[in-house]
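TrEMBL has this to say about the protein:
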- Ser28, Gly29, Ser30, Thr31, Asp81, Gly82, Ala83, Asp84, Lys94, Gly95, Lys96, Gly97, Lys121: substrate binding site (BINDING)
- Glu103: active site, proton acceptor (ACT_SITE)
Amino acid sequence: MIINKLKKKAGWAALEYIQPGNVVGVGSGSTAAYFIDALSSVKNYIKGAVSSSEMSSCKLKNLDVPLLDLNEVDVLDIYIDGADEINSKKYMIKGKGAALTREKIIASAAKKFICIVDSSKIVSVLGGVPLPIEVIPMARTIVSKRIMDLGGIPKYRKNIITENGNILLDVYNLTIFNALSLEEEINNIPGVVTVGLFARRAADIAIISGHQGIKVIE
Ligand code: 5RP
């Protein structure tokens with residue numbers, strides 16, 4: 001319950017970064033959902049929102065925030081999203097909510113990426129939570145073997161098909177000291193669609209909501 005209050009504060013704190021006329025990328029998950037509530041309070045001043053999941057699209061529609069297709073957008077001013085873990089370099093693990101591929105696409109297109117988290121998500125070394133990987137279904141076993149070669153323990157996330165028609169592996173037992181090279185290595189395994197390591201496109205700003213208030217890391 002307290003965590004939800006912190007998430008809500010982080011979501012609303014991101015509103016400060018939204019400018020009139022902006023195209024706003026919107027992430028997925030419970031913290032992003034609080035940001036959508038905040039965004040709806042300025043819906044008449046922004047150009048619209050690009051959404052990373054059906055869940056976020058549904059909430060945006062219910063709150064009458066104009067939805068835009070990424071293909072129709074020239075400039076994506078800003079992307080706001082949560083994370084499962086974030087370190088001091090603003091590298092993140094994302095994808096617990098299964099929306100990692102669309103999140104990574106929108107993050108890569110955005111001029112600015114603001115990560116909104118409660119303070120429980122801050123880590124010194126990434127890997128305390130499983131690392132999600134979206135995989136083409138026929139490559140599940142071959143990708144799992146390659147992940148085991150890297151020292152990870154992959155677990156198939158049963159009964160989940162992503163919005164892109166793929167499966168997810170959650171990788172345990174990783175202590176991620178070199179996120180940049182691990183992201184590249186996993187991305188290069190045939191059959192991998194997206195790895196939920198966001199280091200090559202890290203956040204530009206982290207808004208961290210803790211018991212002492214909001215802290216911003218630029
Ligand atoms: C979804 C994500 C979310 O941003 C991440 O799981 C954090 O979720 P929450 O804000 O509910 O803690 O990456 O794919």
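Counting begins at 1 with the first residue displayed.
Any Cβ shown, glycine's included, is placed from N, Cα and C.
Keep in mind that what you see is a predicted model, and the values were worked out from it rather than measured.
Between the CA atoms of Ser30 (substrate binding site) and Glu103 (active site, proton acceptor) there is a gap of 14 Å, rounded to the nearest whole number.
Checking the binding-site residues Ser28, Lys96, Lys121 against ligand 1, the ones whose Cβ sits under 6 Å from it are Ser28, Lys96.
Long-range Cβ contacts of Lys121 (substrate binding site) within its own chain (separation 6+, distance under 8 Å): Gly82, Ala83, Asp84, Glu85, Ile86, Ile208. Over all protein chains present, the Cβ of Ala83 (substrate binding site) has 27 other Cβ atoms lying within 10 Å. A gap of 8 Å separates the Cα atoms of the residue listed as 'active site, proton acceptor' and Asp81 (substrate binding site). Among the binding-site residues Lys94, Lys96, the residue whose Cβ has the fewest other Cβ atoms within 10 Å is Lys96. Other than Ser28, Gly29, Ser30, Thr31, Asp81, Gly82, Ala83, Asp84, Lys94, Gly95, Lys96, Gly97, Lys121, the residues of this chain whose Cβ falls within 8 Å of the Cβ centroid of the substrate site are, in sequence order, Gly27, Ala32.
Take the CB of Ser30 (substrate binding site) and look out to 10 A: across all protein chains shown you find 14 other CB atoms. Within 10 Å of the Cβ of Ser28 (substrate binding site) there are 28 other Cβ atoms, across all protein chains.
All protein chains included, Glu103 (active site, proton acceptor) registers 31 other Cβ atoms within 10 Å of its own Cβ.
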